[in-house]
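Colleague: Sharing the record's features from TrEMBL:
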TRANSMEM  134-154  transmembrane segment
TRANSMEM  174-191  transmembrane segment
TRANSMEM  224-243  transmembrane segment
TRANSMEM  249-269  transmembrane segment
TRANSMEM  356-377  transmembrane segment
TRANSMEM  397-417  transmembrane segment
TRANSMEM  437-458  transmembrane segment
TRANSMEM  490-509  transmembrane segment
TRANSMEM  521-546  transmembrane segment
TRANSMEM  566-590  transmembrane segment
Amino acid sequence: MNYDVLLQSDHWLSLNYSKTFITAISMSMSDPSAAQTPLLDDTVDGCLDYKGQPVRRSSSGCWRSASFIIVVEIAERIAYYGISSNLITYLTGPLDESTATAAAQVNAWNGAASLLPLLGAFIADSFLGRYRTIILASLVYILGLGLLALSATLSSVSSSGGQNADDIALSSSLQFQVILFFSSLYLVALAQGGHKPCVQAFGADQFDTQDPEECKAKSSFFNWWYFGMCAGTLTTLSILNYIQDNLSWVLGFAIPGIVMAVGLVVFLLGTMTYRYSVKGDEESPIVTVGRVFILAVRNRKTSYSAIAAEEEARGILATESSKQFKFLNKALLAPDGSKEQGEVCSIREVEEAKAVIRLAPIWATSLIYAIVFAQSSTFFTKQGATMDRSTATGFEIPAASLQSFISLSIVLFIPIYDRIFVPLARALTGEPAGITLLQRIGSGMVISTISLVIAAVVEMRRLKIAEEYGLIDKPNVMVPMSVWWLVPQYALYGLADVFTMVGLQEFFYDQMPNELRSVGLALYLSIFGVGSFLSSFLISAIKNLTSGDGRDGWFANNLNRAHLDYFYLLLAALSAVGLTLYVCCTKYYIYARWGRTF
């Protein structure tokens, strides 16, 4: 099989198109009716099938292919959230870590898992191709999950040793268990780094942006993609967290591995229907963009009059895009003044570099949202663990399962957004997606700020009730306050995700050149990677500032003496500042239209 990593060059493709065209002419000469339906009308430019032949629109791509890809993404989300959603419980339970330390480690792991896609996207776009990278990453994923289950087995053996076990041997066993656990954990993060940017980009590649109907369907794809992700997450939070808390951590880590294996099989079943992007012998797009910046720096002393003369010679029209980041236009000239092939950059390469740098302010101002996003799997979970989680039937809801309200909110609202909000907004604004991508992202930021204020108010009430019932120094006693008080903050988190998370995904895919779209999605993920590291740093800094001299800090292990309400209010204030900066940046943003027909 010749997949996108093995696809032939543009020269080969043009020869095949020529042969197809000659065949069509011959058919039209022998059968006039055939001239009414040229064969080339059914092909998709820039894509081949799994055999390396020109791909037919009628038998490939679109939802028939995207459905296979969405299934493997659902499996990956079940695997990922099967670990991350309840990780803080495992760290503070079987591994006996403090709340603040465990929260910092969860954030560090989430950060690594969100930054590694930059490496995975580079490998996919420059070497392996998206299809093969997805397969390789899935195999590493399954290996990592299997080793996690093995490490949990060692935990079970150690805990069953009892007092008769040799202390030195037990300590050595625990040390090996911890090393194996964290090695497996970061192996999963590495696998997600290859899987995450490629699967979504490969799914979006199944829709032709040259076709208006498929382009609109691509916008819906991002909505339903996130719907599928959250459906998988909801399944995880509803079932796996209960298994981990009440039955077995071994089983709780093994099931995601089995699900991931099934997802890989389903993905392979769609091989014959996929559209594979043509990859020729040209340089890596990352290299070409990097050369623009290098040449612009080397030509920093070149006068703008010389650049203007070069632009005029090349027939570059003065547009808003060409005027922005004008210093990059210096890459149009060679450092020594020559114009030999390979010594200067093309207009398109310069515009691609501008598209990348144009994303930087949006990336930076989205980091506060990412810090807020990191709290749902850490402090929200520990907060819920102290409250009354029993239901009318006597069933006790696992604390980590409260995150299911985020997924439930998303699953309920995305169909409303896609089928009701978008058509109504489209009729008013004329935008194909109802509102612009930047407006969508900003709307979610506003909602997340509101959710933090509500979270702070609920925590204030929880602390007050704990004080009224004399539970301040009884952290293991349930606070008589229903856990349902936490539902609004979780639900608003989900609503914010529908706007901001989906918006960021589509924005960083849509605004990158075709060859860099895996990198674009990796940049989107890196927002949450850096945000998780910033959250970890912020937690550590606040812990050191507030817990010295025997004081109970904001993140004391006894949450009845902690002050998560202060932390939430601080994040709300930071969110307001971040939103203000974001709005300022959006005023100067110029949308790129790579291959769009509207």
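Keep in mind that glycine also has a Cβ here, set from the backbone N, Cα and C atoms.
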Colleague: Do the transmembrane segment (397-417) and the transmembrane segment (490-509) come together with 3 or more C-beta pairs under 8 Å, pairs six or more apart in sequence?
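Modeller: Counting Cβ pairs under 8 Å, at least 3, so yes.
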Colleague: Given a Cβ distance threshold of under 8 angstroms, which distant residues of the chain, six or more beyond its ends, lie next to the transmembrane segment (356-377)?
Modeller: 84-85, 87-88, 106-107, 110, 289, 324-325, 328, 400, 403, 406, 438, 441, 444-445, 448, 451-452, 490, 493, 496-497, 500, 504, 507-508, 511-512, 516, 520, 523, 526-528, 530-532, 534-535, 538, 568, 571, 574-575, 577-579, 581-582, 585-586, 588-590, 592
Colleague: Against which stretches of its own chain does the transmembrane segment (437-458) lie, if we need a Cβ under 8 Å and a gap of at least six residues from its ends?
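Modeller: Distal contacts: 362, 366, 368-369, 372-373, 380, 485-486, 488-489, 492-493, 495-504, 506-507, 510, 565-566, 568-569, 571-572, 575-576, 578-579, 582-583, 586, 589.
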